[in-house]
């Protein structure tokens, strides 16, 4: 389907349910898609960071995008990450996800290698020239690890290279600068990857939101988005604060025993399992599983938020 | 062939010659291999950082390892990088390079994702269990970006998970700590990725050296290694200083116009082109090419070192 | 005077006007204070980062706080930075600024030395035990360079160690977490150091704002604060966006020639000079002065914002 | 006394013994000086990082330099750190330590503020113009946190701004580059701050060594320096490895409970106390003290090295 321009609303980055032996659990995946679609989300984003894209081999990636695109069957747009180190490798992922029917691709700056704004610009221009579908720039400094500059985003946007920005930087000042700098560009979409400042981002004029926590509580973000669109900032703030409390689950994992990814993605998956959406909470190797007592704490977050 | 244990000597990380349209130039690649082998190097390392592995799509990677393994035909060992974000993706690269005949694989800690020593340990253990050939840990903090701890290296070494360490951290104190900590482990090999402190590393007891600049001047490193083995530290130091001066070429690229990779790898390839080894100095997209005057400066470095 | 608890409103971090030979220009400083007070700000913060505290020797620091406290004469509260590397050095600054009459002190985590949350906690507890006036924690990761954790802030707040938080981290998700975590603590004040997300911070419940740009356009931030208090979020957003555009001045300095401090503080001082508030736009050594054409660009930002 | 040019040999950065209530223990300090002088060191460096300069208020700093200069009484040169954030603050420390009789000052790049090579150059030039004694540049990226570039060091050296470099970066490739770049400058001194690669540094041509561990085992470094000067690299290496093992003591402190400074400086002071040199092992607030069992482990390191 043709992507709306600008893309707006709630676009959850879809978790990738796995079996205990780290195969893609397509039955759970389609249940998760149903859980999200029935909550009223506006589009889906597969193969992003919350999808454990960095952990999925190419055959898993293909299975995920294929499963989701088929299951969604055009009801709403599917964006797909094409996450890899540099241009030619990204091209191959673009080919794979668009062959499967993705409606847009989401691409980071080059990583692993030391890079430069001029090279990042060349990278996005090459990917856009190669891609049959619109390209979203993915600003993910925790992973890449560099911040896309506002000037670069504005240049790529006004040249029609990118159709939108998915900003997971957590730097809301720079996010606003990118919003203002691209405001006059027809159809350009600015999405926040934050879970915690969605009301702020929408008040600034953000088009949409891509919250990992939206896997666990898609209705929450759908409500929050609607309150913001209605200008009901008091209810938006209250809903946001409820979600902030729920987001506390990302810290259940013992930092002496595991990294931030294991804890946060482990908590999202444990919550989806506790809510009955997916069959198994396993995260991909080499992530460390949550302990039973850590999973229990996830349950308490769910209960406190009225989700269990 | 069976990898010597410990692996010793000069093991250049082989550049990947490309055509102007970014295809692998296999004719130039085999000439480069001949240039290295005839200089007396002890093994070859393909698909590492100096090989632009981060820039090469899988089909390029396969062509490189296949071309080099076939051409070398067992004269000396070929190590191959299996550089990717996490475990299952690394498994696929291990399968590909070992199917082509690589004698060992070189693997970094996970990247793109936030990780933890416990997860790095699980990662190397899983890769080693999967790999039919020995695994070298690749400590590359500029890219990953984290430093492998000495305790972790020692644990993996003494458990037989890794057969060696390729340390490109530039932290010679930690390098020495790893050397000392693994000294009693039979067959374990500690290699420095430094171009500038090879004599120091060998004096400390390093088994070998993996210098990117060894593409340009393999004889230099072969001589340096021999002087060090002979305990002729004065000549080793003089040769090292000659190579330090030559290494200045990595800075020819204008930092306002390109990143460090474009400049350093561009200089190595320009030097190989000027020396008549490869047909084209192109680096992979999205790197920025050196300007003619920058290439001219590379030539001056070669001339000053007696290589042109 | 006794500090209001919580401290609320607009609290500009007062620039330190200097003579061409880097002495404190007290006449310009009192004019700057009048400029701020007459605009309706709620308190003043001297000797913070925007005051070039890091550049001022102790005698300059004393002259600044003494001049401002005397001139303000109790009309509004004066907070003073006690910026130094560790506890005992901070104690001396606390003694100096409170002897001069400062109503509160603003203190960072230790810097220069490698530190740990337990040590940061000890640091703030020791400073608070030593200080005769309330202590604000200053979260300034660009300088320190670490982020104060929400748990640590909440612990120090609930133990009565700190009276408030001045958050210049730019991480609005963490800012919100600190706001929520300290909400039940009577009198505790959470201030944002952002120039660009003040409306968002106030919508989240922030008590006040400490914008460096408030030197240049204090009326702007006073208006913005009032709109927010009145719940007039549309006008708040419009005013914020006008200030975002004005903030662009911090980038006038050529990054090839100077650091971010030289550019941003140079622009603020050039703007104050162009507006006739201070006699000389000099920044402290070793900062690089703006060129005439860079100053001209500052003037254009002022003109576009209706300030010249 | 006039500083030798170049300064050579072993120059320990003298720890600052404290009483339990964090006053300078001058009796222990003079005993520590005697311990170092009688071991045959070539000069003393007070008020550096190992001296806890970042933790000492100005009155402590004055007492330290005054005590040491008086006690040494011209037997050997005394260098003093003038560690502060920027130029004018450094000037005041230069005035204080030179009034007390320091023979040279040791100065870092500006910190706390975002800086630029042009500003660092201006900083050192201003300090050198102000200082009545030679200025050593202190490259301390862990603290500052930036690396002094080789080009900048070479420029300052050849312009006579700095008399030497004290390199604690741990980057031995860059260290060598600085050595080579300044080799032709008469009297210029390049010192390594490493504890672990002293033999390497001396083999490269370093003039001297400033090891924190030299407080604990000054004879070790004096022997190591002598072996290196004699070209007896085998004994140098053996002595260096003995010192590497001893240096393991810096890791005794539990990283879950304290920072790296508390652990390393706490271990050095515990060792000096166990060896009977100083009366009390206290480190300055807010550092966390070692536990009794951690101190016991320090004792085991001493015993293993034959020092207890």
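Residue numbers in this text run from 1 along the chain shown.
Cβ from N, Cα, C; glycine included.
The active site, proton donor/acceptor annotation in TrEMBL covers D:138. Feature annotation from TrEMBL assigns active site, schiff-base intermediate with substrate to D:166. If you look up TrEMBL, you'll see D:210 marked as pyruvate binding site.
A map of TrEMBL features onto the structure.
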| residue | record | Cβ neighbours (10 Å) |
| --- | --- | --- |
| D:138 | active site, proton donor/acceptor | 29 |
| D:166 | active site, schiff-base intermediate with substrate | 27 |
| D:210 | pyruvate binding site | 28 |
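Among the recorded positions D:138, D:166, D:210, none has a Cβ sitting under 8 Å from a Cβ of chain C. The distance from the Cα of residue D:210 (pyruvate binding site) to the Cα of residue D:166 (active site, schiff-base intermediate with substrate) comes to 8 Å. The residue listed as 'active site, schiff-base intermediate with substrate' sits 5 Å from the residue listed as 'active site, proton donor/acceptor', taking the Cα positions as reference.
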